[in-house]
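Quick look at what TrEMBL annotates:
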type: TRANSMEM; residues: B:20-45; note: transmembrane segment
type: TRANSMEM; residues: B:57-77; note: transmembrane segment
type: TRANSMEM; residues: B:82-103; note: transmembrane segment
type: TRANSMEM; residues: B:115-133; note: transmembrane segment
type: TRANSMEM; residues: B:145-170; note: transmembrane segment
type: TRANSMEM; residues: B:176-194; note: transmembrane segment
type: TRANSMEM; residues: B:201-219; note: transmembrane segment
type: TRANSMEM; residues: B:225-242; note: transmembrane segment
Amino acid sequence: MSFDSIDAWWWPFLFILVAGWLATDSWRFLGVYLGGRISDDSDILVLVRAVATALVAAVIANLVMFPGGALAATPVPLRLAAAAAGFAAYLLLGRKIVIGIAAAEAVFIAGYFALGL
Amino acid sequence: MVENEPRSSAAVAGEGRRWFLRGAAAAFSIPGLILASAFVGFAGLAKASGLTVVETVFMTAVVWALPAKVVLIGAILSKSSIFAAAFAVALSSVRLMPMVVALVPEMRVEKTRPWVLYALSHFVAVTSWVLALERFRDVPPERRTIFYAGLGGTLVAGNMTVVTVVYLVADTLPPAASAALFLLTPMYFLTSLWGSARESAAHVAMVLGLGLGPLFHVLVPGFDLLAAGLIGGGAAYGWHRFSRRSRPA
């Protein structure tokens, strides 16, 4: 029952609805239901946020280490250096997302051409 | 005195439209622009993963939260079953619940109908949430739902357009540009996730997740995200409990 295991036009959409829409909007609807009834700093929410954060962080690291498309053809050290430089610039220069992204892209593109890729 | 006259329904509708448009205008901001650049990266990712343009735009509309979509594509690529995919996406979307819990009391007035709040909650993701909490203080409480409808609706519709256009032109990009484009999504998450952490346990969880993700990708392919989330997040929570207990009262 994976994304391409049923050969019908509606299957990918059903897959996205169940694994995407239902899996995300359930939490949003539960949030409306609980709105005002649950304390934002309760211990269970700290655990929930920690698990969710580690999971998304794993996604981020995998996107850099095992990417798809054109990024897959570039060397791992270049990708790691670009990501590290972007994150360092973000932390050191006022925690602005736009600075982190711009620094990572600048290092990546400079390295891309310096390596003659 | 004009203020004492009962207001016509046309005047009320006009004012609603004005606040809707102000919400829509709030989408055109630096955070909105950064989000659009992350959706440029997402469109490239979806295309490289073999999704059609219709599937990609559909996913943008019905899921909306970017981390959930990236996890969903990861699950599609690793040939996960629909149930394993739903479980991984649900884990990555838990964070939406406390965000909605925080937003709802700011929008709700006595006459707000519940279905309006349920419908608007679909727009909740990092960018619209941050923008709403920032701008709500300038919006009268009874206008906040229509303001948020304008803001969230514009962000979703705008990025559906971005995704469509980028998907269609992605093939014409030089390889350097499309490789650079794939770096946008992880960098957006890396910085916004660090910045949105409430407690230092989230920073610990993030560092652990960054290390465990690739490790488990090699060791336990297919379960890498779940394992990294549960083990990294559980350890960060343990650290949170331990550091609180050892702190002098």
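Yeah, the Cβs are placed from backbone N, Cα and C, and that goes for glycine too.
TrEMBL entries are annotated by machine, without manual review.
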Open item on the list: Which residues of the chain, 6 or more past the ends of the transmembrane segment (B:201-219), have a CB below 8 A from one of its CBs?
Closed with: 193-194, 225, 227-229, 231-233, 235-237, 239-240
Open item on the list: Using Cβ atoms and a strict cutoff of less than 8 Å, what residues sit near the transmembrane segment (B:225-242) while being 6 or more residues removed from its termini?
Closed with: 71, 74-75, 87-88, 91-92, 199-202, 204-205, 208-209, 211-213, 215-216
Task: Most Cβ pairs under 8 Å with the transmembrane segment (B:20-45), selected from B:57-77, B:82-103, B:115-133, B:145-170 - done: B:145-170
Open item on the list: Considering only Cβ pairs within less than 8 angstroms, which of the stretches B:57-77, B:82-103, B:145-170 has the most against the transmembrane segment (B:115-133)?
Closed with: B:145-170
TODO: Would you mind listing the long-range same-chain contacts of the transmembrane segment (B:145-170), meaning Cβ under 8 Å and 6+ residues beyond its ends?
DONE: 16, 19-28, 32, 35-36, 39-40, 42-44, 46-47, 53, 56-57, 60-61, 64, 107, 112, 116-117, 120, 122-124, 127-128, 131-132, 135-136, 139, 178, 181
